[in-house]
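Trainee: Pasting a structure below so you can have a look.
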């Protein structure tokens, strides 16, 4: 017997989705960090922060709640501008943010701080929160847009955090269950150790919505997500109505960023990883179909993990 929409929504609400009280706690913690860091950077390095945007899965409401082996991750985009920016490299901006965070939290262990390719990260073990501070050089001619730099290879990508949030909201307005399906797919990805990032999943799910529409049960639509990956092999170029031009890419997987035509968000997926993603999706689709026919919750746990449940314990 297939899972009902009510059962899947129960699982999403009680196991996957970040509860309202936790969201409020994290929001308050992030707001305090933003206020302190903004002041620290201005006083310490004369860096002007023109705008701050909470971004990523947290802002899109597709984030999963904290588990025993995963933190809640919040992206905070700092739009940087002013004459001082011209004197800085992106690496130095990340370094200055990292140094400011160290000074702001002198009692935290050094391993709670990290400089990544495009962000400086601070981890709060007590609340289970990771905050990625992402510096973006503001484009004064395009509202919400700016350039995000890679600290390792020096490449830059145009981005628009508010536009990415709007993209998901518009899909949710079109399909009230869009975020539920994204969270289902993210839990599947994590449990199956599939090398897809959260942003990739959001975009693939949006593409499947565009192609198939919102008809059908939630269970079937999740299976259709797996089926799309399995049948396409992720060899099709995925674009969106927001894209105006389609450049040619040579990467194994091409999914265009809906806010930047020149950005292939899957450019770092290797051919071996593409094959692995497709292999996992094929196997998972078969497992999901078998679980649906058998009506066996234990089989669903093979896809979603031991925490999978669709009703209160008796």
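One is the number of the first residue shown, and numbering goes on along the chain from there.
Each Cβ is built from the backbone N, Cα and C atoms, and glycine gets one as well.
Relevant sequence annotations retrieved from Swiss-Prot are reproduced here:
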BINDING   60, 75, 186, 197, 198, 199, 263  ATP binding site
BINDING   73, 75  Mg(2+) binding site
Trainee: Can you tell me the three-state DSSP label for residue 198 (ATP binding site)?
Mentor: helix
Trainee: By the count of other Cβ atoms within 10 Å, pick out the sparsest of the binding-site residues 198, 263.
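Mentor: Result for the binding-site residues 198, 263: minimum number of other Cβ atoms within 10 Å at 263.
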Trainee: To which of the binding-site residues 73, 75 does the lowest count of other Cβ atoms within 10 Å belong?
Mentor: 73
Trainee: Can you check what DSSP calls residue 186 (ATP binding site), collapsed to helix, strand or coil?
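Mentor: The residue in question, residue 186 (ATP binding site), is helix (DSSP, three-state).
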Trainee: Quick check: in three-state DSSP terms, what is residue 60 (ATP binding site)?
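Mentor: DSSP assigns residue 60 (ATP binding site) to helix.
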Trainee: Could you tell me the maximum Cα-Cα distance in Å between the residues recorded as binding ATP, namely 60, 75, 186, 197, 198, 199, 263, rounded to a whole number?
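Mentor: Max span of the ATP binding residues, Cα based, is 22 Å.
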Trainee: Tell me, if you would, which residue among 186, 197 (binding-site residues) has the fewest other CB atoms within 10 Å in the structure shown?
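Mentor: Minimum Cβ neighbour count within 10 Å, taken over the binding-site residues 186, 197, occurs at 197.
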